[in-house]
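Q: First, the structure itself, so that you have it in front of you.
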Amino acid sequence: METVYIIVLALTLDLVLGEYPAPLHPVVWLGKFISFLNRFSPSHSPKIQFIYGAFLSILTVSISFAAVFFILGYLKDFNTLLYIIAGGLMLKPAFCLRKQWTIALKIKKLLGNNSNSVPPKELETLIGTVPHTQEGLSRKDIISASIRSISENASDFFVAPLFYFIFLGVPGAFAYRAINTLDSMIGYHGQYEYLGKFAARLDDAANFIPARLTALLFVIGAFILRQNPKLALRSVLADHARTTSPNAGWPMAAMAGAIGISLEKANCYTIGKPLHPLSDTDLSVAVRLYQASMFIWAGVCIAIAWI
């Protein structure tokens, strides 16, 4: 029952209070720690860069897991109530539920208030949180980028953390968040080609099951909301491999099929066969599908924890 209380408390904190302030957010601390270690990264040999990147990644994940493990282990022996409260407080920053749909709905509202193709300053700031091209940012680009973001982030920021929470507890969820943070900071080509390669591959491995599970949740959500679960499933099977990431295409393809739209990242990929032109309404439908699917997952996790 303690596990149930922890996950319910963490979900309540997310839905009621949202994200912690930056100075109190453990993921911000993680980012600063990674940035600090990155200062000492070698700049000459690709092999040495890779080895140092692997060391940086393993150290960050290990410290994240161990710190939470020992703190909660001590509190569990000391006082059960404190253990539950601390567990909920620590689990919350490992995932992000409400913020994803809040950003999407804010983008939709700004689109509705702006009839021009060029987005206002505030919209440009929000769209900076999702992947998009810097050239020719149109209304369609913004909607597509927003739906792609909420689809992929469903796996990265909610399904995966709770997946590892179920098997490894709060330390596991926080270790996953460390992996994902490493990938977001150094898991790139170019400057971090070798330094971030280990982190990128580690993130691919950690998200292998959650990404596919997220796609399944979107199919189930589409069935419940009477969208298009059959097309969602067909889209997953046909288009999941179109992205360079081995995982990102799964939830995006399911979302595209469920809504009956095509999601395009210019000069990179096109996912889904459109049944209608992309519109602002599709962003609202994507949010509803995200909410339904993620609440299903939350219910499944609570049920598993109850057993």
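Glycine too: its Cβ is placed from the backbone N, Cα and C atoms.
When I checked TrEMBL for this same protein, it listed these features:
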| type | residues | note |
| --- | --- | --- |
| TRANSMEM | 50-75 | transmembrane segment |
| TRANSMEM | 157-179 | transmembrane segment |
| TRANSMEM | 205-225 | transmembrane segment |
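Describe the structural context of these features.
A: Distant neighbours of the transmembrane segment (157-179): 3, 6-7, 26-27, 30, 57, 60-61, 64-66, 68-69, 72, 87, 90-91, 93-97, 100, 199, 202-203, 206-207, 209-211, 213-214, 217, 294, 297-298, 301, 304-305; these residues of the same chain sit at least 6 beyond its ends, with a Cβ under 8 Å from one of its Cβ atoms.
When Cβ-Cβ distances below 8 Å are used as the criterion, the transmembrane segment (205-225) is approached by residues 151, 154-156, 159-160, 163-164, 176, 179-180, 232-233, 236, 240, 246-248, 250-251, 253-255, 257-258, 288-290, 292-294, 296-297 of the same chain, each at least six residues removed from its ends.
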